[in-house]
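Enquirer: Below are the features I grabbed from TrEMBL:
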TRANSMEM  25-50  transmembrane segment
DOMAIN    41-287  domain 'G-protein coupled receptors family 1 profile'
TRANSMEM  62-82  transmembrane segment
TRANSMEM  98-120  transmembrane segment
TRANSMEM  141-164  transmembrane segment
TRANSMEM  205-225  transmembrane segment
TRANSMEM  237-258  transmembrane segment
TRANSMEM  270-289  transmembrane segment
């Protein structure tokens with residue numbers, strides 16, 4: 001924590017999202033509704049998985065954990081983004097900025113590993129159905145989740161330990177609505193170029209490798225199903241389409257931004273709106289509309305409430 005003593009900067013100024021007053025009011029209402037949808041939609045999935053015994057399976061256990069991570073990721077950025085939209089002077093303290101960097105990478109790293117666990121679950125269910133309960137036992141599911149969080153924490157701490165010890169003596173303006181490694185490190189009173197390799201090797205490499213491993217796993221599953229029976233290919237593709245959609249939406253901004261860790265334009269802040277608002281609000285919709293079990297569970301819950309009301 002010596003870096004805290006060296007730093008002169010006590011706060012950062014966020015430029016946020018630019019636009020006219022009318023545009024900012026519209027964005028405030030839009031992001032407020034999206035945030036409400038994120039909270040209600042994802043927590044509803046968690047509640048449904050817990051309440052309905054028919055959803056007590058590895059796939060839905062992992063899905064519930066994904067929903068919790070989406071809520072956490074959005075909570076680190078969206079509330080401040082919404083409140084700052086109508087402010088003329090947007091300020092975040094040095095400590096809050098560092099905490100935001102840390103939590104963004106904890107949640108992001110955890111979600112990457114959890115998506116790999118969900119891909120393995122689909123592989124076991126589709127390609128190894130007779131061994132599914134052994135490959136995805138409750139202990140292994142818990143292990144997957146623990147490994148996801150441990151990986152996320154290690155990834156975040158590697159970023160945090162570097163940035164917290166850097167001296168910040170000005171300027172203190174960040175062209176974004178949130179704090180993140182590529183933007184903040186540009187403000188350090190040291191040669192930021194030497195950290196470029198670290199940023200790319202850490203977040204960029206992790207995003208790229210995880211993304212391609214996931215795509216390869218889905219291709220392998222589809223090829224395996226196609227070799228067994230071409231008639232089952234459309235069914236497998238329908239099952240995997242939700243997973244593939246989520247993976248593409250989540251990883252595209254990460255790869256675009258972290259493979260070029262020192263941005264020269266403000267496009268990265270608009271790209272990450274997808275990860276912070278669009279993907280988390282779409283996940284419940286995608287998994288609900290494309291999932292027969294979830295639809296049945298919702299109908300079952302509705303019938304139960306209707307029955308309890310008239311008893």
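Positions of Cβ are set from backbone N, Cα and C atoms, glycine also.
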Enquirer: Quick one: do the transmembrane segment (270-289) and the transmembrane segment (141-164) reach 3+ CB pairs under 8 Å, ignoring pairs fewer than 6 apart in sequence?
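Expert: Answer no: the transmembrane segment (270-289) and the transmembrane segment (141-164) share fewer than 3 Cβ pairs below 8 Å.
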Enquirer: Below 8 angstroms Cβ to Cβ, which residues of this chain, lying six or more residues outside the transmembrane segment (62-82), approach it?
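Expert: That would be 16-17, 28, 31-32, 34-35, 38-39, 41-43, 45-46, 49-50, 92, 100, 103-104, 107-108, 110-111, 114-115, 117-118, 121, 141, 144-145, 148, 177-178, 272, 275-277, 279-280, 283-284, 287.
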Enquirer: Other than its close neighbours in sequence, what residues sit by the transmembrane segment (98-120), given a CB gap under 8 Å and a spacing of at least six beyond its ends?
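Expert: Same-chain contacts beyond the ends: 59, 62-63, 65-66, 69-70, 72-73, 76-77, 92, 135-136, 144-145, 147-149, 151-157, 159-160, 163-164, 178-181, 184, 203, 206-207, 210, 213-214, 217-218, 243, 246-247, 250-251, 254, 275.
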Enquirer: Averaged across the domain 'G-protein coupled receptors family 1 profile' (41-287), what pLDDT does the model get? Just tell me the whole number, please.
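Expert: Reported value for the domain 'G-protein coupled receptors family 1 profile' (41-287) is a mean pLDDT of 86.
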